[in-house]
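To start, the structure itself, in structure tokens.
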Amino acid sequence: MAKKPWSHVLLWCLILVLCGNGVLSDNNKYYHTSALCLHETEQALYKRVEGGAVVTSESERNVRCVVTFQTDSILQRFMLRFEHLALDCDDHLFVFDGAHEYGNYKYDLSCRSTRTEVGTIFTQGNYVTLKYITDNKSLPGNGFRLIVTAVKRPSEFRYTGCTTFRCLNDLCISKNLTCDGVNHCGDNSDETSQANCADETATKQILGLNFGTFVSLALGTFLICCVCVVAVIACVFRKEARQRQLDNTRSVVVGQYPTEPSFSSRLEEKPPPYPGSQAYPMQSHAPRGEVYYHAK
């Protein structure tokens with residue numbers, strides 16, 4: 001019964017530590033097309049993006065999927081930037097500047113499209129729709145990695161100012177997108193000292209281990225030590241309780257038997273007569289004080 005409260009305390013401590021290190025405060029959302037497009041459908045999926053999203057595709061086959069992203073605020077727009085783009089000639093990724101796939105698309109990306117050619121895409125409004133179609137053939141390495149970021153341009157925060165994080169290229173993004181290992185600004189200023197990020201050379205390795213690996217091992221070791229301490233304390237308490245119960249049982253058992261007679265009571269008892277001896281002292285039949293002489 002004593003282990004459950006301790007386990008809850010340790011769990012909350014771990015959550016607080018993770019929150020304090022910013023592990024749970026990331027506004028990034030990660031989408032993989034294999035999970036995002038489980039079934040072929042013509043109906044669009046709507047996803048709200050509070051800060052940013054990372055969409056990846058890795059050699060998927062027979063995909064037909066439509067996804068619409070919406071910013072958290074109507075004052076924001078989307079910036080799309082590919083970190084990897086290698087599509088098959090029979091695969092197409094259509095980009096629509098709006099909430100629907102109808103009308104003219106802004107981009108039709110296929111095998112001839114490259115990251116340098118596409119560059120950075122900005123939407124006019126706070127919606128963007130992606131339509132992804134692949135055939136039944138795919139080569140290793142085909143796919144894409146797309147960084148989707150909700151941004152504000154200088155003209156959009158001219159009067160209010162950028163209250164979150166302002167990139168060196170004057171884009172305004174969510175503060176929670178800084179120092180997360182993803183280039184959301186486009187110039188990588190959200191991953192440098194401009195965003196108060198720690199020096200990569202100082203935090204890349206600790207004791208020869210990756211920083212994330214070191215933190216995981218440290219937390220795991222701490223939790224194991226806490227569990228061992230709790231187990232030892234529980235065993236000690238259980239042993240003491242068992243010893244007290246045993247002592248109480250012994251005292252009750254001893255009280256049920258008659259006590260040994262005392263020394264004084266043994267003195268008052270008369271020993272039995274020896275064999276052959278008379279039970280009482282021999283009495284003389286002659287009267288006291290009278291002496292008899294034999295006649296000559």
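The backbone N, Cα and C atoms fix where each Cβ goes, glycine too.
Of the cysteines listed (Cys172, Cys179, Cys185, Cys197), TrEMBL assigns Cys185 as the disulfide partner of Cys167.
Put plainly, the disulfide-bonded residues Cys167, Cys185 were compared by Cβ crowding within 10 Å, and the winner is Cys185.
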